[in-house]
Amino acid sequence: MAFVHIRCLCFILLCTITGYSLEIKVNPPQDFEILDPGLLGYLYLQWKPPVVIEKFKGCTLEYELKYRNVDSDSWKTIITRNLIYKDGFDLNKGIEGKIRTHLSEHCTNGSEVQSPWIEASYGISDEGSLETKIQDMKCIYYNWQYLVCSWKPGKTVYSDTNYTMFFWYEGLDHALQCADYLQHDEKNVGCKLSNLDSSDYKDFFICVNGSSKLEPIRSSYTVFQLQNIVKPLPPEFLHISVENSIDIRMKWSTPGGPIPPRCYTYEIVIREDDISWESATDKNDMKLKRRANESEDLCFFVRCKVNIYCADDGIWSEWSEEECWEGYTGPDSKIIFIVPVCLFFIFLLLLLCLIVEKEEPEPTLSLHVDLNKEVCAYEDTLC
């Protein structure tokens, strides 16, 4: 009987606790919206506090914010106590977000209490047909010094169509227009940007729009981080040597410019006679074993890019000039052999000339004899 009473008591307590939890409710935030301040994709997600029940006025409110581009499979999630959150988006696609209120556990006897979700969305107007939008947009940050972006005109545009590029990154007061366009047939097909102060490791936003008297032009948006599209100069001053007839030692200098030496990774192609293979290193030298001791020549060339310690991605530089070490039977060895042989033959020729010259009679001696004969004959005649 006592056991039955205990079970009844537990049931009553459970119902009481559950009933209390069910009575705790919190409202969602108010006026949730996504705002575009004109920064080419850097948007503000903002809201107002919920209407709070009197007994929860001393409680700390937190907000769970989720947002994404509409074609993304995953949401970004933020827990914050602020009433605004800022982030970059791809404006080529729509944006959607949702938010709800969280009550802190000390106000709810340790249970989690959340409000329903409220949602908001944002998208730019699709002015102009998709075929008028630029094609093949490419941007390269050359040697971490200047940015070059290029594009092709839309598939179906009138001859009077021209494009304009704007850019923005955190630190600028407003979006700026390109001041140095690349042109083809007097049309803008690219832009060069220099002196991008404090622009690394933050989102870099670009918009290319166009104008035509005959039709509207669809805008194109791009967002990236500059350090991830760096294309360095190729390595310089290559040198290769062979030690102990076996060890190949290769050295090169890091390219000139602002990129720290620790930020490079290298790809090396080694050629030994007609065989070649690849290797990689984060240093500016490498030591390998020869694959064939009788090889007549060894050559290598190298390229570089920014490594994972300084960027999430990068673009390989052009290949360096090829540098070669030639074996002992190479052209240099032949020259060393030919020169002394030629000198030896020249010496023999000179010696032979001297010997021949000594064996021939002197012409002055025969002339002297003939003169004496003529004098004697002349004297006999006089007598």
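Quick reminder: no glycine exception, Cβ is built from N, Cα and C everywhere.
What Swiss-Prot lists as signal peptide is 1-21, and the listing cites sequence analysis. The topological domain 'Extracellular' annotation in Swiss-Prot covers 22-334 and rests on sequence analysis. Per Swiss-Prot, domain 'Fibronectin type-III 1' is recorded for 28-128. Summarising the annotation, Swiss-Prot assigns disulfide bond to Cys59-Cys107, Cys139-Cys149, Cys178-Cys191, Cys263-Cys310 and lists similarity to another entry as the type of evidence. Among the features that Swiss-Prot reports, N-linked glycosylation site is placed at Asn109, Asn162, Asn209, Asn293. The domain 'Fibronectin type-III 2' feature in Swiss-Prot is assigned to 131-219; the stated evidence is sequence analysis. Residues or ranges marked as motif 'WSXWS motif' in Swiss-Prot: 316-320. According to Swiss-Prot, the transmembrane segment annotation covers 335-355. The topological domain 'Cytoplasmic' feature in Swiss-Prot is assigned to 356-383.
Sequence features, as recorded in Swiss-Prot, placed on the structure.
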{"residue": "Cys59", "record": "disulfide bond", "DSSP class": "coil"}
{"residue": "Cys107", "record": "disulfide bond", "DSSP class": "helix"}
{"residue": "Cys139", "record": "disulfide bond", "DSSP class": "strand"}
{"residue": "Cys149", "record": "disulfide bond", "DSSP class": "strand"}
{"residue": "Asn162", "record": "N-linked glycosylation site", "DSSP class": "strand"}
{"residue": "Cys178", "record": "disulfide bond", "DSSP class": "coil"}
{"residue": "Cys191", "record": "disulfide bond", "DSSP class": "strand"}
{"residue": "Asn209", "record": "N-linked glycosylation site", "DSSP class": "strand"}
{"residue": "Cys263", "record": "disulfide bond", "DSSP class": "helix"}
{"residue": "Cys310", "record": "disulfide bond", "DSSP class": "coil"}
Outside the motif 'WSXWS motif' (316-320), six or more residues from its ends: residues with CB under 8 Å to it:
231-236, 238, 252, 255, 267, 269, 301-305
Have a look at the recorded positions Cys107, Cys149, Asn162, Asn209 and say which one has the shortest Cα distance to Cys191 (disulfide bond).
Cys149
Residue, out of the disulfide-bonded residues Cys59, Cys107, Cys178, Cys191, whose Cβ gathers the largest set of other Cβ atoms within 10 Å:
Cys191
I'm trying to understand the geometry here, so how far is the Cα atom of Cys59 (disulfide bond) from the Cα atom of Asn162 (N-linked glycosylation site), in Å to the nearest whole number?
57
Distance check, please: Cα of Cys139 (disulfide bond) against Cα of Cys310 (disulfide bond), rounded to an integer number of angstrom.
19
In the domain 'Fibronectin type-III 1' (28-128), how many residues does DSSP call helix, how many strand, and how many coil?
6 helix, 48 strand, 47 coil
Find, among the disulfide-bonded residues listed as Cys139, Cys263, the one whose Cβ has the highest number of other Cβ atoms within 10 Å in the structure shown.
Cys263
Taking the Cβ of Cys310 (disulfide bond) as the centre, count every other Cβ atom within 10 Å, in any protein chain shown.
19
Where does the mean pLDDT land for the domain 'Fibronectin type-III 2' (131-219)?
96
Based on Cβ atoms within 10 Å, give me the single least packed residue among the glycosylation sites Asn109, Asn162, Asn209.
Asn109
Out of Cys107, Asn109, Cys149, Cys178, point to the one nearest Cys263 (disulfide bond) in space (Cα versus Cα); all of them are recorded positions in the record.
Cys149
Other CB atoms within 10 A, centred on Cys149 (disulfide bond):
22
